[in-house]
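Colleague: This is the structure I want to talk about, given as structure tokens.
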Amino acid sequence: MNQYEVITLNEFILESQSQFPQAEGDLSHLLHHVGTAAKIVNREVNKAGLVDILGEIGTCNVQGEDQKKLDIFANDHFINSLHSCGEVCAIASEENESFILFDDDMARNGKYVFLMDPLDGSSNIDVNVSIGTIFSIYKRKTKQGEKATMEDFLQPGTEQVAAGYILYGSSTMLVYTTGQGINGFTLDPSIGEFCLSHKKIKSPEDGIIYSINEGNYLKFPAGVKQYIKYCQEKDVDTQRPYSSRYIGSLVSDVHRNLLKGGIFMYPITESAPKGKLRLLYECNPIAFIIEQAGGKATDGHKRTMEIKPSSLHQRTPFYCGSTNMVNKVEEFIRVFG
Ligand code: AHM
Ligand code: MG
């Protein structure tokens, strides 16, 4: 690659596919459609302040949270785009109580199920702060041609064939993995293409950033409180005190920590005894990305991707980021609970 060569997302996807002669191109086709949907959502996110698309639409999603107009827009666009690509037989979304079954002939033959949080960090929309989309792709368990069932969705994260996120930030980025490391693409608005900008991202083993909603401090388990204290203590060798950074948008917090080194934590609290974040379409895809970058993602005790899911909107506590930092908080949880 010379210094002037630009590799677009689509070129990269095709090039990666060509390294696997047995690949049929269906996953590539699907990823291409994810990129297209991301561009359309990005366009709306960018003009959200200009048109009357901000604010709540007055309905609630399945978690009882207010839905924003952009959430719905993103949800609809991803669903439509993935339906039309024909590779996906069903979709599960944070915004829909049960999964959406595509029951036409073409989609029934789709090999994959797609899970997503179409617009994560939605409390940030109205205030022009970064938000994201998270997605996770599995091969279906049921046979092609049959109707997809819940069994297709309730697979452990270790079975993911691809996962990624789109970050709508100061620039828009798409980061994804198919299990061969992770790569990041930045949207060049002048040509309307995602271009390879972050090749083979590696998570630093250590970091000096911790990200957690400290407003919940009093409700945290003792081990997490102790770990926060550890982060704040002075120690020259480990460069403590660490910096506290929390955007309140999982994608943005994880992306920053992935590039700079750090830990993101969303523990159980008294009011959320199972944690807040959803296993299937928030934690598993992020865990796949983080692990592919050499980092670690757990529920405080065990590997996130090995949790056997029992329901679509299942929640889990989540600790992810630089391996040594995640090991450290696990140590505190083991000792103090
Ligand atoms: P959302 O999917 O409803 O936007 O909620 C998920 C978000 C994550 O992006 C973020 O890490 C977390 O919720 C923030 O929660 P809190 O405001 O409790 O800190
Ligand atoms: Mg979310």
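Glycine too: its Cβ is placed from the backbone N, Cα and C atoms.
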Colleague: Same substrate site as Asp120, Gly121, Ser122, Ser123, Asn213, Tyr246 according to TrEMBL: which of Lys143, Lys147, Lys274, Lys276?
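Modeller: Within the candidate list, TrEMBL flags Lys276.
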Colleague: For the Mg(2+) 1 site that TrEMBL gives with Asp117, Leu119, which of Glu94, Glu95, Glu146 also belongs there?
Modeller: Glu94
Colleague: Starting from the Mg(2+) 2 binding annotation in TrEMBL that includes Asp117, Asp120, which of Glu270, Glu282, Glu291, Glu306 is the extra site residue?
Modeller: Glu282
Colleague: Across the record's substrate-binding residues Asp120, Gly121, Ser122, Ser123, Asn213, Tyr246, Lys276, the largest CA-CA distance in angstrom?
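Modeller: Greatest Cα separation within the listed binding residues comes to 16 Å.
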Colleague: Cα of Gly121 (substrate binding site) to Cα of Glu94 (Mg(2+) 1 binding site): how many Å, rounded?
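Modeller: With distance taken Cα to Cα, Glu94 (Mg(2+) 1 binding site) is 12 Å from Gly121 (substrate binding site).
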Colleague: Between the Cα atoms of Glu282 (Mg(2+) 2 binding site) and Asp117 (Mg(2+) 1 binding site), find the distance and write it as a whole number of Å.
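Modeller: About 7 Å separate the Cα atoms of these two residues.
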Colleague: Hey, of the binding-site residues listed (Ser122, Ser123, Asn213), which one tops the CB count within 10 A?
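Modeller: The residue with the most neighbouring Cβ atoms within 10 Å is Ser122.
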Colleague: In sequence order, which residues at least six apart in the same chain have a CB under 8 Å from the CB of Tyr246 (substrate binding site)?
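Modeller: Counting only residues 6 or more apart in sequence, the Cβ neighbours of Tyr246 (substrate binding site) under 8 Å are Ser211, Ile212, Asn213, Glu214, Asp253.
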Colleague: Name the one residue among Asp120, Ser122, Ser123, Lys276 whose Cα is closest in three-dimensional space to that of Glu94 (Mg(2+) 1 binding site); these are the binding-site residues.
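Modeller: Nearest in space to Glu94 (Mg(2+) 1 binding site), counting only the binding-site residues, is Asp120.
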